[in-house]
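Each remark here refers to the structure printed beneath this line.
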Amino acid sequence: MNHSSKKNKNRILRNKARIYCDVNLHKPKEYWNYEALNVKWETQDDYEIIRKIGRGKYSEVFEGANIKNNEKCVIKVLKPVKKKKIKREIKILQNLCGGPNIITLYDVVRDPQSKTPSLIFEYINNTDFKHLSPTLTDFDVRYYIRELLHALDFCHSNGIMHRDVKPSNVMIDHQKRKLYLIDWGLAEFYHPNQDYNVRVASRPYKGPELLVDMEDYDYSLDMWSLGCMFAGMLFQKDPFFHGHDNIDQLVKIVKILGTEEFYAYLDKYGIVVDHTILSIIGKHPKKPWSRFITKENQHLAVPEAIDFLEKLLRYDPAERLTTREAMEHPYFKPLSH
C-alpha cells in the first residue's frame with residue numbers, strides 16, 4: 001500500500017472539507033495543539049471498579065463508582081499508548097464537553113505507582129446495539145440517526161473528526177431515548193492542508209478514501225461510517241459491507257456501488273491504486289438498493305430512507321451529505337423539531 005501512498009503525494013487535486021473547513025484557524029492555538037496540554041492528573045482513590053463491561057484495542061472498560069457520593073461511572077483504563085494520543089483524547093473530550101449527545105468526561109486519574117492513566121465518564125444504561133437494532137421501529141431509526149447527527153454536527157462544527165463511528169461506539173439508553181457518541185480515542189482535529197493516518201476506523205466502517213490511501217480526508221469520513229451503520233439498520237444486516245481484509249473491504253463496497261463511479265472518483269483526484277488491487281476489484285455494475293429490501297425490512301427501507309442512504313454512501317467525500325445537509329433531509333421530516 002505504501003507504494004501508492006508515495007504516488008498519491010503528487011495528486012492533481014487535493015480534497016478539502018465543504019463545511020467547517022477553517023474552524024481551527026479561528027480558534028486559539030491551545031484549542032487544537034493537544035501536545036502542549038498539561039494534564040492535571042487526579043488521584044484514583046475516589047473511584048472503585050465494580051465489573052468489567054468491555055475492552056478495546058487501546059483500553060479496558062469497567063463499571064465503577066465514585067466512593068464519595070456513590071454515583072455510578074465508567075472507568076476507561078488506557079493500555080500503554082503514546083502520551084500524545086492520550087493527550088489528544090483528553091483535549092478533544094474537554095473541548096466537546098457539554099455538547100449534544102457527547103459522553104461527559106468527569107475526571108482524569110492515574111495510578112501513582114504504575115502511572116496507568118484512566119478516564120472517568122458518566123454512566124450510561126446502555127442496551128447493546130446488536131440486540132436493540134432489530135427491535136427499532138421506522139420512527140426510532142429516524143430518531144436515533146438524527147440524534148447521532150446532532151453529535152457529529154457538534155464535533156465537526158468544533159473542528160473535530162471522530163474517525164471511529166460504528167454501532168459499538170454509539171450508546172443508547174432506550175428507556176430515556178438518549179443516545180451518546182463515545183470513544184474519542186481516534187478522534188482528530190481537522191486542518192485543511194494536513195494529511196492523516198489512513199489506519200483509522202473499524203474495517204466495516206472504513207471509507208473508500210482510507211482503503212485507497214487518500215490521506216487528505218476530512219469530516220465526511222464520519223458520514224460514510226454513519227452511512228454503513230444506517231445501511232445495517234435499514235436492511236437488518238450489520239455489518240453491511242463485511243470484508244475479510246482491507247482489499248476485500250474495498251471489493252465488497254465496489255460490488256454494490258459499482259466500478260464506474262469508483263474509477264471516476266480515482267480519476268478526479270488522481271489517486272493511484274496498485275494494479276494487483278485493481279485486478280482483484282474487476283468490473284461491477286451498480287446494484288439497485290431495492291435488491292436489499294425484503295419483507296422483514298421493508299417497513300424501514302422506505303423511499304426517503306433509501307434516498308438518504310444513497311447520499312451518504314458516495315465514493316467521493318465531496319459528494320456526501322454534510323451533517324447540516326443530512327439533518328435537513330426529508331427522511332427526518334416526521335420528527336418534530
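In case you wondered, yes, glycine gets a Cβ from its N, Cα and C as well.
On a predicted model such as this, the values are computed, not experimentally measured, just so you know.
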Out of Lys76, Lys82, Lys83, Lys84, Swiss-Prot lists as part of the ATP site with Ile53, Gly54, Arg55, Gly56, Lys57, Tyr58, Ser59, Glu60, Val61 the residue Lys76
Hey, which of the binding-site residues Arg55, Lys57 is the loneliest by Cβ count within 10 Å?
-> Lys57
Where Asp164 (active site, proton acceptor) sits in the secondary structure, as DSSP reduces it to three classes | coil
Among the binding-site residues listed here, Ile53, Val61, which has the most company in the form of other Cβ atoms within 10 Å of its Cβ?
-> Val61
